[in-house]
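Participant: Quick one: the structure is below, and I'll ask about it shortly.
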Amino acid sequence: MSQLGLLPRRAWTALLSQLLRLPCSSCIQAVRCHSQVAGAVLTSQLKAHQEKPNFIIKTPKGTRDLSPQQMVVREKILDLVVSCFKRHGAMGMDTPAFELKEMLTEKYGEGSGLMYDLKDQGGELLSLRYDLTVPFARYLAMNKVKKMKRYHVGKVWRRESPTIVQGRYREFCQCDFDIAGQFDPMIPDAECLKIMCEILNGLQLGDFLIKVNDRRIVDGMFAVCGVPESKFSTICSSIDKLDKMAWKDVRHEMVAKKGLAPEVADRIGDYVQCHGGVSLVEQMFQDPRLSQNKQALEGLGDLKLLFEYLTLFGIAEKISFDLSLARGLDYYTGVIYEAVLLHTPTQAGAEPLSVGSVAAGGRYDGLVGMFDPKGHKVPCVGLSIGVERIFNIVEQRMKTFGEKVRTTETQVLVATPHKNFLQERLKLIAELWDAGIKAEMLYKNNPKLLTQLHYCESTGIPLVVIVGEQELKEGVVKIRSVASREEVAIKRENLVAEIQKRLSES
């Protein structure tokens, strides 16, 4: 009867009018007839769908699956990153994958147009989270938290044109570290930069540089160059593209598309080509235009203090004051930074892999206040590690040098050379599992010994525990080293201790 729902409304009306004129038995017969017709229509539609020649099984644009081999590499990267966050005292937390749309809008500037909106679900307008920072600020305001050091690993979604070769996706993982609370200037900011250096050194990706600037300096630069205040945000978004576009193209966008006066764009061009160390900070203090702007002077003062702390941390040579760095997100209010690789290991003669920034962040002192009903602010500073881009580099390096990874951590295979020994294998493997030893067995009643040994070699399992008729009779088991093929017999009751000893020595 449910198939009747497939009929168009007009056909339903005609059917009902006919049924009303029929006797009861004829009515039932007519319904059955129409049901059979509807069923035939449904079957033909399904068959036509299954036979579609253009049907392709694929992942959505800007997404990807990760194989077991890739997951091993990814987990190693995440373990290194998270262990660094924990070393600096951060606590883990999580937030929903989607938020109320009103919580996310007007927080990202031009990036707000890249959010994924969800259809109306029970009266709430929702969007997938664009980053992990805005949900964190919402959490602080909602729970009235005034001080917190947290890390968060999770997926975010952005509806932009993906460039898979550069590690840009529509769905990707972010690893964030943030310090929330009122503290003395630049101490938390310096620690964030130290964490970035520790992680990038630990990942051994090659030489890197961290660019720093301050949004107050950027806004001050715009003001003294003659940019109307109403255009600060949109011009900032253009400047943020300088790592991907040449200055002439960025200038064209600002002038032709955003209506900035050509002479104003040229004055900005004079500044954004400047980069250096603490000496450039001192030089900007003397700049005839910039030194007249209060905001810019505040930013320069904080950068000077920041470089003092970075010198004490021993990382000042990795940091560059770069006036082209803008960070297009609207919520930044102070120091901003971005880490780039100076080169990446590639095959001889191949073009270096361009991946853009591999880590970035900054200070956002006003974001929490945007969620608080009374506007109470909680100063925050943080960083985000670009896991997808780093993963692309590591994966390419492994291909270049022919590195292989094990997809499991199994330490022992429980095997037998004889038939009808499934029960003994099950008892042995349960004992190993209960002792915390990573063990496997083949899911067959009577597997061949050669098949079991080949499985160990193909998957990298180092040890085999063998039990057979002779071993059972003597109360022993054999331990075989897969690499050397040496076998030793030990007492059954000493099995766990002997395996743990061997594993600790390997």
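Each residue, glycine too, has its Cβ placed from N, Cα and C.
These numbers come from a predicted model, not from an experiment.
This is the feature table in TrEMBL:
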- 1-27: signal peptide (SIGNAL)
- 62-417: domain 'Aminoacyl-transfer RNA synthetases class-II family profile' (DOMAIN)
- D131, L132, T133, R158, Q174, D178, R327, Y331, Y332: L-histidine binding site (BINDING)
Participant: If you measure every Cα to Cα distance among D131, L132, T133, R158, Q174, D178, R327, Y331, Y332, the residues said to bind L-histidine, what is the biggest one in Å?
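Facilitator: Binding-site diameter by Cα atoms for L-histidine: 21 Å.
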Participant: Name the residue among the binding-site residues T133, Q174 whose Cβ has the smallest number of other Cβ atoms within 10 Å.
Facilitator: Q174
Participant: Return the average pLDDT for the domain 'Aminoacyl-transfer RNA synthetases class-II family profile' (62-417) as a whole number.
Facilitator: 91
Participant: Just name the winner among D131, R327, Y332 (the binding-site residues) by count of other CB atoms within 10 A of its CB.
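Facilitator: Compared across D131, R327, Y332, the most Cβ atoms within 10 Å surround Y332.
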